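Taking it in order: structure first as C-alpha cells, then the write-up.
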Amino acid sequence: MFEVSQLIDSFSRRGLSARQMVVLSGGVGVCDKFVSRLYDFSSTFLTDPSIDPAYATELKNICPQHSFNTSIKVFMDVITPTSAGVFEANYYKTLQEHKGLLTSDQLLFDDSRTRAVVTSLLNNRRFQKESGKAMRAMGAVGVTTVGQIRTKCSAVNAEEMMPSSCP
C-alpha cells in the first residue's frame, strides 16, 4: 500500500518539503495509472473504498476494466475539468470530496501530516502564491550543465538539431 511517508521521503531527498509536494500535486491522469483503484483494489474491496462511489462509477465509464489505452486522460480537478489551463485550486476541493484520482492524491487529504496543507490551498490566492515558489524550488532540483533542451518532451532531439556544444 502506498503511503504519504514515501512521497515525503522522495521529495525530501530532492530538497523539497512536504508542503511543496502537496502544492505541486494535481494535473492529468491516464487510465492505466489508476484503473486498479476501480477494479482490483484489494482482496477485500474491488473498488478503493476511499473513492466517492459516484465518482468511481464515472471513472469506470471513462476507463473500462481491461482498457490500457494510454491516450485516455482524466483531469484531476473534477469540479472544473473543462477549465484545462486555468490555474486554480479546485484540485484540493476534489480531495476533500474523496475524488482524488490517484491513491497518492487522496492520501494527501487523508493523512494528518498533509491535510492542513490541502485545506490551506483551497484559497486560490494562497495556492497561486505558493505554486510559484514551489515551481521555482522544483526547477532548481538536479540542475546540470550537460544535456539538451528537448523540442518535444517525449523524444530526444534529432542529432542535427543539437547545438555543437553538446557532447
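Placed from the backbone N, Cα and C atoms, the Cβ positions cover glycine too.
If you look up TrEMBL, you'll see 1-157 marked as domain 'Plant heme peroxidase family profile'.
Taking all protein chains in view, 22 other C-beta atoms sit within 10 angstroms of the C-beta of Cys63 (disulfide bond). According to its DSSP assignment, Cys63 (disulfide bond) is coil. What TrEMBL records for Cys31-Cys63 is disulfide bond.
TrEMBL lists Asp77, Thr80 with the feature Ca(2+) binding site.
Its Cβ taken as reference, Cys31 (disulfide bond) is surrounded by 19 other Cβ atoms within 10 Å in the chains shown.
Distance noted between the C-alpha atoms of Asp77 (Ca(2+) binding site) and Cys63 (disulfide bond) is 17 Å. In the three-state DSSP assignment, the secondary structure recorded for Cys31 (disulfide bond) is helix. When Cβ atoms from all protein chains are considered, those within 10 Å of Asp77 (Ca(2+) binding site) total 22, not counting its own. In the predicted model, the domain 'Plant heme peroxidase family profile' (1-157) has a mean pLDDT of 85.
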